[in-house]
Amino acid sequence: MKVHTFNVVVLYCMLLICTCYCFNPKLSFYNSSKVDANAEQWQPASATWYGPPDGAGTDGGACGYGSSVGNPPLSKLVSAGGPNIFNNGEGCGACYEVKCTENEACSGETVTVMISDQCPGCPATHFDLSGFAFGSLAKPGQQDNLRNAGRINLQYQRVSCSFGQPIVFTIDNGANQYYFATEIEYENGEGNLVDVELKQANQDSWIPMKRLWGARWVLNLGSLMQPPFSLKLTETSVNGSSKTIEANNVIPAGWQPGQVIRSAINFTN
């Protein structure tokens, strides 16, 4: 009996390890153990798709992420959002689990997507998925059949992002010594940036930046700015709490327009 019990325990532990550490490419930037305890329950929404059938939609669209939407960790698992999802740009970078069951081609399995674009003229709660993400909702071999439906009903819930890399700052091509703008990408957690502040070299005061559009933030000081710059980021969660992190001296002296800068920080889930 003791030997039998021991074998059961070992078998249980082996199953538990397999469950926790198996890799699923559809969840490459999402960690289910990090979901906010107050996250929304499953809600109904409608969905369409755009761009090439196996593509990433457009290159970043209204959030400004550019070609990164097609590269890891996003790997084309992105979506444009209707007004309630895009939320005037505050929804850029937010992650959602989506699934469909009503169409015969639907697998019923969940797929996690990040909001990277706006869906003008769409219903308030609508996901205009990349062709690749839309096809990922299908049973194996049924991707084209599901895409041929054009429009489907699905269920969604908000989840925490977990990108597995630091936040990245891409300096706007129009930035100069008097005008600084940057696109901010790969924020963990709820992904809703609501405030960005900048501090110049040898100064103690933080200066609020403004959302230029999507995930791009700007400071038009009107006078010569003194790098290196530190950036302070604040995001809010669905339950109303907020988190703030600081990237000290992240924008170096001698920065250039178009430069991509990888920080050493990110929000914790």
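Note that Cβ sites are derived from N, Cα and C of the backbone, with glycine treated the same way.
If you check TrEMBL, you get these features:
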DOMAIN    60-166  domain 'Expansin-like EG45'
DOMAIN    178-263  domain 'Expansin-like CBD'
SIGNAL    1-22  signal peptide
Within the domain 'Expansin-like EG45' (60-166), how many residues are helix, strand or coil going by DSSP? 26 helix, 33 strand, 48 coil
Mean pLDDT across the domain 'Expansin-like EG45' (60-166), rounded to an integer, is what? 96
Per DSSP, the domain 'Expansin-like CBD' (178-263) contains 0 helix, 48 strand, 38 coil
